[in-house]
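Encoded as structure tokens, the structure appears first; notes follow it.
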Amino acid sequence: MISENLFSAKSLEYLEKAKEIARENKDTKVDTDHLLIALLLDEKSPLSKYIEKRGIDRKEFLKRVSEYLENLNKQLEKAIEAEAQNLINLRTQIMEVKSNIGNVQTELSKIRKAKERILRELEYARRYGDWWTAETLELELRQLEATEQSIRRQLEQVEKSLSTVFAPEDVKAFLENKLSIDGLIRKALEKSPLIEQVKELGISPDRIIDKVAEKVFGKKPTFDYSQYLTQVLEKAQDKAVSEGEAQVQPSHISAALIEAKDTIGGKLINQVLGGEKEMKKDVTQELKEEEKSPLERFGVNLNELARQGKLDPVIGREREINQVIEILLRRTKNNPVLVGDPGVGKTAIVEGLAQRIVNKEVPPELQDKEIWSIDMASLLAGSKYRGEFEERLKALLDEVKEKGNVILFIDEIHTVVGAGAAEGAVDAANIMKPALARGEIRVIGATTVDEYRKYIEKDPALERRFQPVFVDEPTEEQTIEILKGLRPRLEQFHKVKISDEAIEAAVKLTKRYVTFRRLPDKAIDALDQAAARKKLKVIGTPPEIQEIERKIKALEEQIIEANLKGDYEKEAQLKIEKAKLEKEKQELLGKVGGVEAKIAELKKKIEELDEKIKEAAEKGDYEKEAELKIEKAKLEKELKKLEQEKSKELVVTWDDVAEVVSEWTGIPVSRLKEEEMQKLLKLEDELHKRVVDQEHAVKAVAEAIRRARAGLKDPKRPIASFLFLGPTGVGKTELSKALAELLFGDEDALIRLDMSEFKEEHSVAKLIGAPPGYVGYEEGGKLTEAVRRKPYSVILLDEIEKAHPRVLDLFLQVLDDGRLTDSHGRTVDFRNTVIIMTSNIGSQYLLNIPVDADEETLNREFEKAKEKVLEELKLYMRPEFINRIDEIIVFKPLTMRELSKIIDLLIANVNKRLAERNIKIELTEEAKKELVRRGYDPAFGARPLKRTIQKYVETPLADKIIRGEIKDGMTVVVDYKDGEFVFIPKEEYEKQKAEVSASSEEKKES
């Protein structure tokens, strides 16, 4: 049932128009074609806009539809007239038949009564033995039955004749006086071929039946909606209800009409829209959009959002908001444009103005104004046909002019320059210029400094219509106040408490480390993410427990597999392993905390109950299922209570924010933990695991890292800058790699630049990027891009003396100010990098030191050589470069003693590679000494030693593995005997050693 009370005023207007059209056509029913015409007559109806959006001319379509319906109505009138005449004739004939049938039925009634009388008399005669009377009565009865059969045959003949015209059940009802003549004729009309034909055309059958019935019976039908239109309106009601709308809008009626493909209105609209293919899409939403005014379609009412409390509070920015108000109150040039870096709060200023307008905290001239935020992307999206974008924008501006109290806010206002400007079209800026010049519209814009310069300033006609308001980044104190104002919103959203120290951390840490973004945006993001992470940590299961649960699940699958294979021994082992993991999980749950443990346990119980409920339902045990559901409900209630208790305890701290900032930048900014403190104190020992000797170098590097991690480094300079001098192969590059591995867990995290690649003056472009107009400008520089991606890193400038002097000039500001500007004008932050430069300058003086001398002589000679090296360094590098380096470290040449230690490190690396095969090698002292002797060269350092091990250990070992002499799992001892290296399995070597010692003991005894 449809209720007109549910329809909006505009919907009722269209329905009234449809009724008017039906009356003009002398129709007694309002059908879908009348509704279609009513919607098409209004150029602003959702249906008219919808078809025009698809490139269909509304007026042309309306004309074609009207002509088609006019011709159809003429044909229908003729068909109705003919059908009515046929039915009138049929009615006359039926009336005659009915009269004859009446006579026959009267005769039959008389015969029936006579038969009843004879049967009574016959029974009486037989009872009293009057056989003569009985025979006479029987003869009379037979004559009556013969007459009755004859009359019934006549009736059957009439029934057969009527059945050729009417339905048999209708004829039967008619003959039994259950159906009148008019009823029979109406039944015939409903089942006539004419009605079937109009159904195919999509015309509601009751509309034609009413017209024919009026002519046949002379009774005027009631004026109402047709069956088909009633169905369409019911569908529209359903759509409105499903969308939660209080009233049925024209968009719902239009969508229901388009979807009613069996009606004449639906058929006509679907034919022009492209039929089934087009209608696969849901058009309701699109029609709903077409129903809105241009402002509602392409804009958001900020005043309305402010009334609903959906805008964040705006703290501070008094100067900028007042400046915007002043410009809006001007007589001319009253269009402010907010210019500032991304993230400084330009949009927030406009939202603050909207809140002031709603709260009546503005001058009277602005109190009735509405601020609408316009989405340029929505204006452009879907404008497939030429002129469609201009039409949308023009309609929007016309509505703004008509309303008179609208201020448009266009975020990223530079997008209006060139927007929609296809071949032969005018862009949005040029469409808006005349209205801006005449003061017909007021616009607030927002854009960045670069884009203002690039787009707005390039167009003087557009620029002079706007008055810029420059928005600076707020100070740390102002940002703290902003975050305190936002705190209630964030706490309510995340269900956590945010401490003052977390707010302070968000501002200070992002200010210092997130240099590529602006306050307050970056501070808000850091605090928001920290709150989200805090909530997730408590609600989610800890990663360690998740990992154990994964292992338990995998073991369960293996247990089932072992059971199926009949491997019961393996099954038992797996069960023991599973029990250990379960115990470990329980211990971890206990460590996590009582509440977390209870929450995890409850969740597990609920999961188990779900399985049991499912099993009970499958078995049909409804009583057990109900019991389990009650138990589950209790557990869920308890779980909810525990989670609420836990959320009350959640407080976002400094460390939470620091963790987020560390993740963003890769810089460790969280407070030092006990474990990390111990690691930093033992940094020298860790570095010495890879670098032999060079105590002074290792100590200098470790101290620089400790200063940075303790927060004592100069915040305007890199963590440390070193120049490593010394001959090749003494550990300069190795120390850099070891440092990178300690800091990042991987020596590949080192940003390494071989300075021999930068011999030419123009190779500076490789480091900071090619200048504009040159090939590779878009790619950026090797150094600047690497540091932008990893601001916390170790930069190794290998063989620095081989670079062009002009390339070294580039590093002056890096070493002093910790910053470098790339070819795109972006400032890259080097304040969290360790810069290590290596060089071989003056290494000839170091090689002259007698390495076999005693330690005192060695140290004295080293100091003399060191002075000469530093003197020579001054000849290669300018004083301003040397002066900016934190520490110049001269590496000592390696002695035989150090090389022996290096062999141990190199063999350890070989064992790491062999670990996959479970093979291990050990060197005897004789083998070690011989390798040092063969691999020692003071001029080349430790590198020849690596080649010696490769030649005398790795190559023979590989041959023996391939031949099968050394198998997986073996430990091999490498010894030096009789001028060659021998490889002996450890068991055999131990046996030989024992035999030798035994024989030597015997000799002693003898």
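Cβ from N, Cα, C; glycine included.
Feature annotation from Swiss-Prot assigns ATP 1 binding site to G340, D341, P342, G343, V344, G345, K346, T347; the stated evidence is similarity to another entry. Positions annotated as ATP 2 binding site by Swiss-Prot: G726, P727, T728, G729, V730, G731, K732, T733. Marked as coiled coil by Swiss-Prot: 524-648. Annotation source Swiss-Prot lists domain 'Clp R' at 3-289, citing sequence analysis. Per Swiss-Prot, domain 'UVR' is recorded for 603-638. Annotation source Swiss-Prot lists region 'Repeat 1' at 7-72, citing sequence analysis. Residues or ranges marked as region 'Repeat 2' in Swiss-Prot: 225-289. According to Swiss-Prot, the region 'NBD1' annotation covers 251-473. According to Swiss-Prot, the region 'Linker' annotation covers 474-666. For 676-893, the entry in Swiss-Prot reads region 'NBD2', with the evidence type similarity to another entry. Marked as region 'C-terminal' by Swiss-Prot on the basis of similarity to another entry: 894-1006.
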Task: Find the average pLDDT over the region 'NBD1' (251-473) in the predicted model and report it.
output: 79
Statement: Cβ atoms other than its own within 10 Å of the Cβ of D341 (ATP 1 binding site), all chains, total 16
Statement: By Cα geometry, the one of the binding-site residues (P727, T728, G729, T733) nearest G345 (ATP 1 binding site) is T733
Query: Around the ATP 1 site (G340, D341, P342, G343, V344, G345, K346, T347), what further same-chain residues have their C-beta within 8 angstroms of the site's C-beta centre?
result: L338, A446, T448, V471, E473, R518, D521
Query: If you measure from the Cα of V344 (ATP 1 binding site), which of the binding-site residues T728, G729, V730, T733 is the nearest?
result: T733
Task: Report, in whole Å, the straight Cα-to-Cα distance of G729 (ATP 2 binding site) from K346 (ATP 1 binding site).
output: 57
- line: G729 (ATP 2 binding site) -> DSSP, reduced to three states, gives coil
- request: Sorry to bug you, but what's the C-alpha spacing from T347 (ATP 1 binding site) to G731 (ATP 2 binding site), rounded to the closest Å?
  value: 55
Statement: CB contacts under 8 angstroms to P342 (ATP 1 binding site), restricted to the same chain and 6+ apart in sequence, sorted by sequence, are T448, R517, R518, D521
Field: Close in space, distant in sequence - K732 (ATP 2 binding site), Cβ under 8 Å, 6 or more apart
entry: F724, G726, T838, F891
- line: Across the region 'Repeat 1' (7-72), DSSP labelling yields 49 helix, 3 strand, 14 coil
Message: Given a 10 Å Cβ-Cβ cut-off, pick out the one of the binding-site residues G343, G729 that has the most other Cβ atoms nearby.
response: G729
Field: Residues in the region 'C-terminal' (894-1006) grouped by DSSP into helix, strand and remaining coil
entry: 74 helix, 17 strand, 22 coil
- prompt: To the nearest whole angstrom, what is the C-alpha distance linking T728 (ATP 2 binding site) and D341 (ATP 1 binding site)?
  reply: 49
Message: Tell me the Cα distance separating D341 (ATP 1 binding site) from P727 (ATP 2 binding site), rounded to the nearest angstrom.
response: 50
Query: Which chain-mates of T733 (ATP 2 binding site) that are at least 6 residues away have a CB under 8 A from its CB, listed by sequence?
result: L796, D798, T838
Task: Around the Cβ of P727 (ATP 2 binding site), how many other Cβ atoms lie within 10 Å? Please give the count over every shown protein chain.
output: 21
